[in-house]
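Engineer: Once you've had a glance at the structure underneath, I'll fire off some questions.
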There are 4 protein chains.
Amino acid sequence: MSYNTFGHLFRVTTWGESHGPALGATVDGCPPGIEISEEFIQVFLDRRRPGQSKMTTQRQEPDRVKILSGTFEGRTTGTPIQLMIENTDQRSKDYGEIARQFRPGHADLAYHQKYGIRDYRGGGRSSARETAARVAAGGVAQAVLKALVPGLRITGYMVQMGVKQISRERFDRDEILRNPFFIPDAAVVDEWADYLEAVRKNQNSVGAMIEVVAEGCPPGLGAPIYAKMDSDLAAAMMSINAVKAVEIGEGMAAAGLTGAENADEIRMGPSGPVYETNHAGGILGGITTGQPIVLRFAVKPTSSILTPRRSIDVAGNEVEVITKGRHDPCVGIRAVPVAEAMMACVILDHLLLDRGQTGGVRGRIG
Amino acid sequence: MSYNTFGHLFRVTTWGESHGPALGATVDGCPPGIEISEEFIQVFLDRRRPGQSKMTTQRQEPDRVKILSGTFEGRTTGTPIQLMIENTDQRSKDYGEIARQFRPGHADLAYHQKYGIRDYRGGGRSSARETAARVAAGGVAQAVLKALVPGLRITGYMVQMGVKQISRERFDRDEILRNPFFIPDAAVVDEWADYLEAVRKNQNSVGAMIEVVAEGCPPGLGAPIYAKMDSDLAAAMMSINAVKAVEIGEGMAAAGLTGAENADEIRMGPSGPVYETNHAGGILGGITTGQPIVLRFAVKPTSSILTPRRSIDVAGNEVEVITKGRHDPCVGIRAVPVAEAMMACVILDHLLLDRGQTGGVRGRIG
Amino acid sequence: MSYNTFGHLFRVTTWGESHGPALGATVDGCPPGIEISEEFIQVFLDRRRPGQSKMTTQRQEPDRVKILSGTFEGRTTGTPIQLMIENTDQRSKDYGEIARQFRPGHADLAYHQKYGIRDYRGGGRSSARETAARVAAGGVAQAVLKALVPGLRITGYMVQMGVKQISRERFDRDEILRNPFFIPDAAVVDEWADYLEAVRKNQNSVGAMIEVVAEGCPPGLGAPIYAKMDSDLAAAMMSINAVKAVEIGEGMAAAGLTGAENADEIRMGPSGPVYETNHAGGILGGITTGQPIVLRFAVKPTSSILTPRRSIDVAGNEVEVITKGRHDPCVGIRAVPVAEAMMACVILDHLLLDRGQTGGVRGRIG
Amino acid sequence: MSYNTFGHLFRVTTWGESHGPALGATVDGCPPGIEISEEFIQVFLDRRRPGQSKMTTQRQEPDRVKILSGTFEGRTTGTPIQLMIENTDQRSKDYGEIARQFRPGHADLAYHQKYGIRDYRGGGRSSARETAARVAAGGVAQAVLKALVPGLRITGYMVQMGVKQISRERFDRDEILRNPFFIPDAAVVDEWADYLEAVRKNQNSVGAMIEVVAEGCPPGLGAPIYAKMDSDLAAAMMSINAVKAVEIGEGMAAAGLTGAENADEIRMGPSGPVYETNHAGGILGGITTGQPIVLRFAVKPTSSILTPRRSIDVAGNEVEVITKGRHDPCVGIRAVPVAEAMMACVILDHLLLDRGQTGGVRGRIG
């Protein structure tokens, strides 16, 4: 079965193909009475919109979101919200080759083998274009979180692109939206730009690592044992195209630490428990601790490159594939707003779940 | 809400606390007519059983599984299978301190904050003891897979423990079950043993990295977009106690690669498509390719150590916590059979899902 | 949480309000490779379309369905199918009164109390207009069933309208689509027409009873214990606006029977077991027997009538409500194609579920 | 797939066969901090226990419930509650005939056809014995409802048994627990007893109709469109063994009413809206109105009778089946506590769902 829904109570079902008439998200379980507008959601979509710089695909799409249901007089009604984005730039062209060939690194062959049929136009359903629908749904989640958890702030940014890394010392949040890479380090922007341009000229692509942080998330969110906050976040990030790894807090590095090093010691603060450190990345036993949730994930390099790669076609003939067309030399860049959207959806979902089970009451200290 | 179920069609619900009368798993959606026995499942439980060496907790538990329902005359009937493991070694002792104190690195405080009440005996529900139920359920999955996918082989092993790593050159599968670390490298067993003993004597603990490989998994498994095979595997591994990171194929390293390096080229083999390499780790677009599924995850060091750590108690007093009792200096060791069990459940679940939607038919090549 | 999805593997999520820009259904889990077209689905929509006779609301809507995703070159791809129906006849008018008053028998007050906000235009989400989306989804299910279970035939018809009943002796399937009531009894059409016209002139409305039969449904469908075929059918029918009762086979009459009367005796036929009678209505233990599934449900009279009824407004003032506008004097009539659609979805869903768990294999006799 | 779980947030998974070592229920999603004990749950189990009078099966079972997990110091912890009931009276006998024959009216043939294998001992999983697990789970729900909705009272009783009916005029709630039929009419107890005894002597059985009423249920519960309160209640009741019909409020009779008759007029009471009548049975648009929820369902006559019925065996031979053993001449009697348990679970489930989505806030009047 095809599972195009995520979430437990705040449920998002995305639909649509890269080159179909439209794509979108059906958002069910949104709380009622929340202020919402197409403009509010559009802000998030604009951040991931392609064609904004030579760093991303030149495909020109306004990606205008339309709300078709679920709101009334500017507020959510608690009924399903249908978000539609029309595809306006599906250049009609001859797909002859791509229709028969399987592009290495893509899902072409996997889809063919599983379904026996596939919409080969621009990768169809497996296109990263599907993430536009996630970002729109994330906009709804952000609107709800803004109302229910005013202090919450979700911030995503790149920390690595191919061989390039940012400097944690120079971390500057305000810089993130000022450059096309979503990096918090003004000093390396030009260097990264030259590097990526060289990669692109070289008919190649590179991978990336993104970090997403949620500050101001209340403690107590997460549904052990099998819908732990970290478990759901890992699934959400891994479901984004090209993602190959997810880590929380110390992540992979935890394998090399000792218990004494890794323990986040606790002391009593004026308004409750305070952790001295955050090796855990804000999650213990699958439940948020109230510390910042810190998550990183790796995105593989764009598989669509002009460098010829060997493959086969549906007839079983061996062929050489060159993926022409408009592709991001680093898909990781646009994964940043997508990851923020996914995190917003997961946190809201667990906020509603927790309210459902515990009533949102918290155990007292002192 | 507390989510203690995982799986879509093959659904496993685990229940039980560390020091309650029993724990177990309710397995629903198991196909009928499959040969199964307590002995078959016991083999897997024995692999994770504690008290087998000084490398793991000295808690002595036979961990005998009983099948209470769902089978008849040695075969599954398609009805829910209840697997129960009685707790026989819950030493009754004074929990006075632990009852009021929150152990750093553990879920104690998180559970208290979320639920306002917790079974503090041995960590209650958040104890790694819960994984015994997963291993039992995994035994059922292995029995079904044995019947439905004879060629499938799932193998887990440690590749790192603290500062120690294995040598890929000396990889020897047969060695894995010969040593207490589940490592495929005979040459380092003594060295790892001395290292871990030193860590333990030093009242400390270490983390670990485990690799799990599934060979012979058919292509076409995985339910895009939000129940991708890698997405479900990531969630499954991240739900295991103390796991902080999961990666597939190149994983984190993919961030540093170029598209030309990362592409798995395809050629036509005698019995179908063959991939030249496996950077993807056997999964593309969330669907299995027929190549080995390769997954790694990091386990943080045991939080229960004799080294005093600062924390607070329920009254808000600052305290020093020393976690006495019987603890694994490296919880990662026993995570190996648990991870194999989780992978078996996820693969079977997707086999059933795929059969449900596509009928298990595969698109032809040539 | 608002649950706008039904189905286990074949999942339908409907969205949209009576007077919004559009409504529709997101169909996920549809098998791939199935021939489908807007024309095929339109046939079912046309059957429930309003404005076809004075027996139903005069609201004029073409109810044209558009497929926005999930198909390629006339076949399903296994990805979500988005079905959209634009609302073209939402007469803009002053809703002043209805905006503040709660219509008796409607969900107005219930929605207000639950959500604190409601789209009062034409009943918003609680309008029977939502069923257009179900019928469109049912069209997809019918297309799949046509391919997977060629012999299956689902037929709905009215058996009672207010004080009028059909004669079982004169049952004539071909007549069903020839009259505006979907009744299989030509002899009473004029009588029913006069009766309903009198009811309408009398500013009143009437209830109805509908029967739906599925012939050629294979045995073995239904997922005990809590997704029994009859259990899922009951939920599906009860979810249709204004439905107050559902019965299978003997239904309510079973309370008055003896075991000897009610037993469906079995003998061996040429191609397998044959039941002598069908008191069970084709379902035993929640599993289909291969006999016709026979289901009946009661629809309450339209609550929107011109006869004044006492109610209150949002300020708590007592008021007299007269529901003007275009309303069916008997909503039961258009419930017929809706019920057929729901049954098609439920049967297909269980066909896929059964294939997932048992592989669709059947136990042999002899 | 076999679906042995019901509920959205308060999830109950039952397991076990009639003649296995034990059966039970895994209750997940129970709110934390609720006072609970085996004694509290036992009270409900004792009401459905067999062997209490010659009106029900003579099978002697103490049906003692054990809580194996999910509670600590007399309170729920928010973790899964495992309820186990050991089978103590599975008379070992020769099942030779029943093992090969399919009992008419039972699920024997359906299970054989679907699964290809079945536990024929006492009907295995399809035995009404499964309902003991539901009653235990219902006891947990009752404990939670007692704490969260003190005013709620759920009452079930028989209104018809075969040709016998109660008199509404003589309705006396206190009488319900005083007689073996759970009827609120003292005047007919002896008459019903003689009637049932005659039926039994006549080697026959009879059907029954049960009514269940929930008073004090808050308004606003129910999740439109596809988890409406009436939709979920219908599914819950239809999932009980032998149930063939479910109706809410006017139910089937609604088909014969006019809109003017059926409208429940509303006026303003001191503490909020008051409905003049309750034709709706406490549910409008799938949402509770605050009026009593009124539900009725029909149970078919016991299929196990001593009167010979024609059937076939696994070899396809035609045979005559006489179902010996200990059977209720009217299974409807013990369906009363089962139905109360199901309603308690559904109401609690929706209370948690509503709290999750709307926060349980209610729209104001005035």
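Note: Cβ is positioned from N, Cα and C throughout, glycine not excepted.
Note that TrEMBL annotation is computational and uncurated.
Grabbed the feature section from TrEMBL, which reads as follows:
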| type | residues | note |
| --- | --- | --- |
| BINDING | A:R48, A:K54 | NADP(+) binding site |
| BINDING | A:R125, A:S126, A:S127, A:N241, A:A242, A:G285, A:K300, A:P301, A:T302, A:S303, A:S304, A:R326 | FMN binding site |
Engineer: Residues with Cβ closer than 8 Å to the Cβ of A:K300 (FMN binding site), same chain and 6+ apart in sequence?
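Structural biologist: Result: A:G105, A:G207, A:A242, A:V243, A:K244.
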Engineer: Among the binding-site residues A:R48, A:R125, A:K300, A:T302, which sit with their Cβ under 8 Å from a Cβ of chain B?
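Structural biologist: So the ones by chain B are A:R125, A:K300, A:T302.
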Engineer: Tell me which of the binding-site residues A:S127, A:T302, A:S304 sits in the most Cβ-dense spot, judged by other Cβ atoms within 10 Å.
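Structural biologist: Of the binding-site residues A:S127, A:T302, A:S304, the highest Cβ count within 10 Å belongs to A:T302.
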Engineer: Identify which of the binding-site residues A:R48, A:R125 has its Cβ surrounded by the largest number of other Cβ atoms within 10 Å, counting every protein chain shown.
Structural biologist: A:R125
Engineer: Could you tell me which three-state DSSP class A:R125 (FMN binding site) falls into?
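Structural biologist: Assignment for A:R125 (FMN binding site) reads helix.
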Engineer: Sequence order please: the binding-site residues A:R48, A:S127, A:T302, A:S304 that have their Cβ under 8 Å from a chain C Cβ, otherwise just none.
Structural biologist: none
Engineer: Quick one: pull the CA-CA distance for A:R125 (FMN binding site) versus A:R48 (NADP(+) binding site), whole Å only.
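Structural biologist: Per the Cα atoms, A:R125 (FMN binding site) and A:R48 (NADP(+) binding site) stand 18 Å apart.
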Engineer: C-alpha of A:R48 (NADP(+) binding site) to C-alpha of A:S127 (FMN binding site): distance in Å?
Structural biologist: 14
Engineer: According to DSSP, folded down to helix, strand and coil, what is A:R48 (NADP(+) binding site)?
Structural biologist: helix
Engineer: Provide the number of Cβ atoms within 10 Å of the Cβ of A:A242 (FMN binding site), excluding the reference atom itself.
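Structural biologist: Neighbour count, Cβ to Cβ under the 10 Å cut-off: 22.
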Engineer: Quick check: in three-state DSSP terms, what is A:S304 (FMN binding site)?
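Structural biologist: The residue in question, A:S304 (FMN binding site), is coil (DSSP, three-state).
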